[in-house]
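Okay, so here's the structure we're looking at.
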Amino acid sequence: GPAIPVGVDVQVESLDSISEVDMDFTMTLYLRHYWKDERLSFHSTNNKSMTFDGRLVKKIWVPDVFFVHSKRSFIHDTTTDNIMLRVFPDGHVLYSMRVTVTAMCNMDFSRFPLDSQTCSLELESYAYTDEDLMLYWKNGNESLKTDEKISLSQFLIQKFHTTSRLAFYSSTGWYNRLYINFTLRRHIFFFLLQTYFPATLMVMLSWVSFWIDRRAVPARVSLGITTVLTMSTIITGVNASMPRVSYIKAVDIYLWVSFVFVFLSVLEYAAVNYLTTVQERKERKLRERFSCSCGIPHSKTMMLDGNYSESDANSLAGYSRNQMVPEEEKPEKVVVHLAMSNESNSSRKRGLKGHVGLRIIQNTHAIDKYSRLIFPGTYIVFNLIYWSVFS
């Protein structure tokens with residue numbers, strides 16, 4: 001004869017868990033089937049229907065519906081099997097069971113944790129093709145009911161809806177397949193507190209070194225290493241709870257860019273320290289190279305700072321103008337060491353060496369000064385682009 005129509009409706013009791021690592025979900029639901037079997041009809045003037053437990057199910061024909069792509073499923077059996085069979089006088093049958101099923105859900109984590117996931121639970125007859133059994137939703141979208149108390153810790157349930165289509169198997173033929181589709185949107189607040197906010201604080205903490213004296217090597221190095229290690233811990237913790245996908249996630253972009261900012265702050269101090277060492281070495285060579293002889297009796301050494309005038313320098317050395325010998329009499333010589341301050345280095349070196357040097361090399365404080373503006377400004381621009389693209 002023709003295909004037996006079997007109507008289906010579902011009431012979702014709970015959506016127990018969503019696992020990103022295993023890419024599956026667990027759902028508990030009431031699955032109900034409706035069909036007509038004239039062999040079970042009976043005449044009665046008192047009973048509108050007769051209700052039986054699971055013992056009768058083994059003695060009559062019932063649809064062999066199974067869950068496609070399910071990993072685990074079971075019918076609850078406390079205190080007895082949660083199965084109900086209700087037969088009406090005209091032969092209509094209601095077959096209901098309480099089932100918990102864990103099924104596969106193909107998730108896309110390219111926008112994680114600012115993502116939305118759509119999962120589906122698929123029902124299909126295992127043995128009977130569409131020529132023998134026709135599965136359909138009994139009342140369309142109204143066939144799917146959900147408990148108002150359903151909630152998830154990490155997701156907001158946006159929508160439940162039903163669809164149906166034919167599935168083809170090359171060996172056995174065409175089958176009716178019913179879909180329970182639901183869309184989930186991830187709560188972002190948890191990841192803001194646990195991932196984004198700590199990562200941002202670590203990047204800002206790395207900028208503190210720009211305000212620390214360049215000679216405080218232990219302070220700046222330890223601060224840089226601490227922030228780098230903390231960022232590595234955050235990245236490892238996030239990836240430990242995620243599947244090992246082969247594409248880049250949104251959270252990876254944010255964390256690795258933050259890691260690069262922290263790493264660059266360490267390299268920035270390495271550049272400052274190196275240029276400072278080079279500058280001090282050059283100044284030491286200049287002091288040794290440009291020692292000069294002046295007409296002052298008694299060979300003595302005088303430290304002459306470039307900020308003092310000639311009379312101040314003579315006074316600092318302990319000599320006045322009256323103690324100076326005439327120009328033509330210079331029997332003895334005194335070595336004058338020129339100690340040039342950072343402010344006068346540029347002009348002195350231009351005069352001594354005859355070329356203009358880079359100020360950023362001569363005064364390494366400029367690197368820290370520029371970094372105080374470039375690093376925060378670049379990071380703010382990155383955040384604006386990131387949140388505008390992924391939110």
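Backbone N, Cα and C define each Cβ position, glycine as well.
Heads up, TrEMBL stuff is auto-annotated, nobody curated it.
The range from 95-115, 221-241 that TrEMBL describes as transmembrane segment is residues 221-241. Residues 113-114, 154, 219-220, 223-224, 227, 230-231, 234, 238, 251, 254-255, 258, 261-262, 265-266, 268-269, 371-372, 375-376, 379 of the same chain lie 6 or more positions beyond the ends of the transmembrane segment (188-209) yet place their CB under 8 Å from a CB of it. Under 8 Å from some Cβ of the transmembrane segment (221-241) lie the Cβ atoms of residues 20-21, 195, 198-199, 202-203, 205-206, 208-209, 212, 251, 255-256, 258-259, 262-263, 265-266, 269, all in the same chain and six or more residues away from its ends. Note on the domain 'Neurotransmitter-gated ion-channel ligand-binding' (3-187): mean pLDDT across this stretch is 92.
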